[in-house]
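Engineer: Take this structure, written in structure tokens, and hold onto it; I'll ask about it next.
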Amino acid sequence: MKSHKLSQVLKHKNLKSVTPFNHSHFCSFFSSTPQSNTTQQTQTLSPKIPPEITHELLHSYIQSSQWHFIKHLAPKLTPSLIKTTLLNLHKTPELALKFTTHIDFGHVFDIKTRCLAIAVISRLPSPKPTLQLLKETLSSGNASIRGVFQELALACDELGTESSIVFDFLIRVCCELKRSDDAFECYNIMKHKGFVPKIQTCNAMLSLCSRLNSTERAWVLYAEMFKMRITSSVYTYNIMINLLCKEGKLKKAKEFIGFMESLGIKPNVVTYNTIIHGYCLKGRIEGARMVLNIMESRGVEPDSYTYGSFISGMCKEGKLEEATEVFGKMKENGLVPTAVTYNILIGAYCNKGNLGMAFTYRDEMVKQGIVPTASTYNLLIHALFMEGKMGEADDMIKEMGEKGIHPDSITYNILINGYCKCRNAKKAFSLHDEMVSRGIWPTRVTYTSLIYVLSKQNRMKEADQLFEKITAKGISPDLVMYNALIDGHCVNGNIDSAFSLLKKMDEMKILPDEVTYNTIMQGYCREGKIEEARELLDQMKRKGIKPDHVSYNTLISGYSRRGDLKDAFRVRDEMLSIGFNPTLLTYNALIQGLCKNQQGDLAEELLKEMVSKGITPDDSTYFSLIERIGDVDKASERCDS
């Protein structure tokens, strides 16, 4: 495909020869005091704008690097004069770059002269200045992407440039700015005009598609690259392998290794790491090991990322011992773990409740000279809060400050959530205010925690006001936030408000889940409205929401408390028929109902049944049975009297 000019609108002009720089002519534009002696000549001169600025004169100043003077001339320069000067400088793009810098590219230049300057500067060996000027041009919003492309095309025609590199740069900048549609529009114009994008440009577009999860668009582009005979690089294949992994097509991703090798392209460590990471994300550790074996058989050494993927995958699968072994092997091979790898292990042990090991890894990373990150502290602080160790959590926060690590939104959310769970609303709201004062914007998670603590303190009016306030700010409530508010109204006996929120959810297209329905069912049962709760269970089924243990246990408990044991056992049987086994709550509710209904023998049979199924009775179980014995004794005393 041959390159050709995009426009014949502008014709080449024969430029006048540039007047050589004349120092005495230059000095005449400064102070009018006669230069009678050496002392006077060496005095600091104040710039004075010449009466007429010609492009020859301006070119002279540029060649002699009189940048301070050119800055003073800038307000007097016309677009025509700038354009002519840039055309004169097309063979010295380094001077053109300095010129654009000193007369303020962002304000003095219009879109035409900007594009001409960019076309001239694109001839520099380094693409960085061109990319920066294009980024400034696109970010200014003064022209559409098509407009910029057309002006660049006109500029290239006027300069007699046949290279299409400036258009490749334009697409790369669109990709850097994550403007996918603009990048593809430029790409389509290039194709239409007969220009073939460079492989680096295509890679930038494929990479952007991958980051934006635009997989279909990426595969279309990849197919077009073959049609245009654009030779793919190892980087191209790595991007496509990553896309296959994101799509869950791990087998095809692994087959790409053979495809690359058949084309004479040697897969590198990134290729293998991408596939290994894909397998580990899916929990398919054995598949990842197979890829590792292929990798090592091809003479490609695993790096820290390779081991990190295995450690992460194993931790997610709960295989902490295996993860620890891999971690040890990694260090034996002379690889230094990153903070990310340490954080994975710290997080895994925190989730397991083994704070001792979590802190051991924290101490080890410090000894290795690896500075703990905000994520490290967040994991540890969260674990301490979960165990109710508030004092130690506060110490960790102080340590963060001492080490110059600033809390982020996650840190504040952990703290606020922790204090909300402890029902310390004052401290939680104080942290919210501190968060805002530091320029860290609260998230839905933050506000959900605050709504929760207000609900638990029976401050529903304040909870509703906070909810209205954040929605007015443009923060869209999610399912979790609605569930927290609905729970508050149900616990505080306001079922009508809970149903109003359910309607709002429907209006906002937020689908309720089993938690939503369970919460309202529990509210009904607390008020003795078991039939309404039963209707909600049926409504859940009609909407395709599967009831869970809590749904059935709520109804069983409601019927049992009311003494409707026949209905309670009917719900238990329904629960069994769909594959749910009774839980401790199921047995406790039924035993409590039987005891209150003077059916102690059946209650004792249920006790034996639950023990035989490996369910350990708790205090509530025994309390119901003891209460039943007390009731029997009282009945006997009444009979004796």
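Backbone N, Cα and C define each Cβ position, glycine as well.
Straight out of TrEMBL:
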REPEAT    163-197  repeat 'PPR'
REPEAT    233-267  repeat 'PPR'
REPEAT    268-302  repeat 'PPR'
REPEAT    303-337  repeat 'PPR'
REPEAT    338-372  repeat 'PPR'
REPEAT    373-407  repeat 'PPR'
REPEAT    408-442  repeat 'PPR'
REPEAT    443-477  repeat 'PPR'
REPEAT    478-512  repeat 'PPR'
REPEAT    513-547  repeat 'PPR'
REPEAT    548-582  repeat 'PPR'
REPEAT    583-617  repeat 'PPR'
Engineer: Short question: which residues 6 or more past the ends of the repeat 'PPR' (478-512) have a Cβ under 8 Å from it?
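Structural biologist: For the repeat 'PPR' (478-512), the nonlocal Cβ contacts are 444, 447-448, 451-452, 454-456, 458, 460, 463-464, 467, 519-520, 522-524, 526-527, 543, 545.
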Engineer: Give residue numbers and ranges for long-range contacts of the repeat 'PPR' (233-267): same chain, 6 or more residues beyond its ends, CB-CB under 8 A.
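Structural biologist: Contacts of the repeat 'PPR' (233-267) (Cβ under 8 Å, skipping residues fewer than 6 from its ends): 199, 202-203, 206-207, 209-210, 213, 215, 218-219, 222, 225, 274-275, 277-279, 281-282, 284, 287, 291, 294, 298, 300.
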Engineer: Near the repeat 'PPR' (408-442), which residues from the same chain, at least 6 beyond its ends, have a CB less than 8 A from one of its CBs?
Structural biologist: 374-375, 377-378, 381-382, 385, 388, 390, 393, 397, 400, 449-450, 452-454, 456-457, 459
Engineer: Averaged over the whole of the repeat 'PPR' (233-267), what is the pLDDT?
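Structural biologist: That stretch averages a pLDDT of 93.
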